[in-house]
Amino acid sequence: MRLILLGPPGAGKGTQAQRIVEKHGIPQLSTGDMLRAAVAAGTEVGKRAKAVMDAGKLVSDDIVNAIVSERIDQPDCARGFILDGFPRTLVQADATEAMLKAKGLELSAVIEIKVDDAVLADRISGRYTCANCGAGYHDENLRPKVEGVCDRCGSTHFKRRADDNRETVVERLQVYYKETSPLIGYYYAKGKLQSVDGMADIEHVTANIEAILSKL
């Protein structure tokens, strides 16, 4: 089961990815986490990435693609994975397709979580995560079962992203619609796209995604 979740900031991709990980036992592959791990491990591609980052430059698509490729070869990805934050552009999508094909693999599905722009500001400004394990929560829609205690690891320390505020929502949406939303048409043309209504409550969104996954 090899998946990509698409949707604007605040659509609930992180929450749903977390639930897929817990239910199906496949890893969620975050480009940021993979970059840091490759640099820490001192792999060849990690050294290339470190040199670029130390110079204060953005890591190129070819380096990110190489790190994703390296990560997918790890044993815990044998049953599948969820790509988180990659691909973001059509160029990256083409590179991902070519990389998977070279390994004899293909994407199982690309799931688009559709949410109206009008509600995204409320969703984004209310988000926070466990500082220890990264579990996601929301002031209104997804509070811990015990107030102030993480459901997953029991930590009492939480944090909010600096850019999770109303002022940056418009800018982040503009970037999404310019760079990432073209992927919806790209994967639709390949017969991989599945859409779910992200305006529903979290449990209904999860159920709709599971209905899609059950047919893969």
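Cβ coordinates come from backbone N, Cα and C, glycine included.
Quick caveat, the model's predicted, so the values are computed rather than measured.
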Swiss-Prot tags one of 30-59, 90-119 as region 'NMP' - which one?
30-59
Could you check which of the binding-site residues (Thr31, Lys57, Phe86, Cys153) sits closest to Lys13 (ATP binding site), going Cα to Cα?
Phe86
Any idea what DSSP makes of Arg127 (ATP binding site), helix, strand or coil?
strand
Inter-residue Cα distance where the pair is Arg88 (AMP binding site) and Thr15 (ATP binding site), in Å:
19
Rounded distance in angstrom between the Cα atoms of Cys150 (Zn(2+) binding site) and Arg127 (ATP binding site)
14
Using Cα positions only, nearest of the binding-site residues to Thr31 (AMP binding site) (Gly10, Gly14, Arg127, Cys133, Cys153)
Gly14
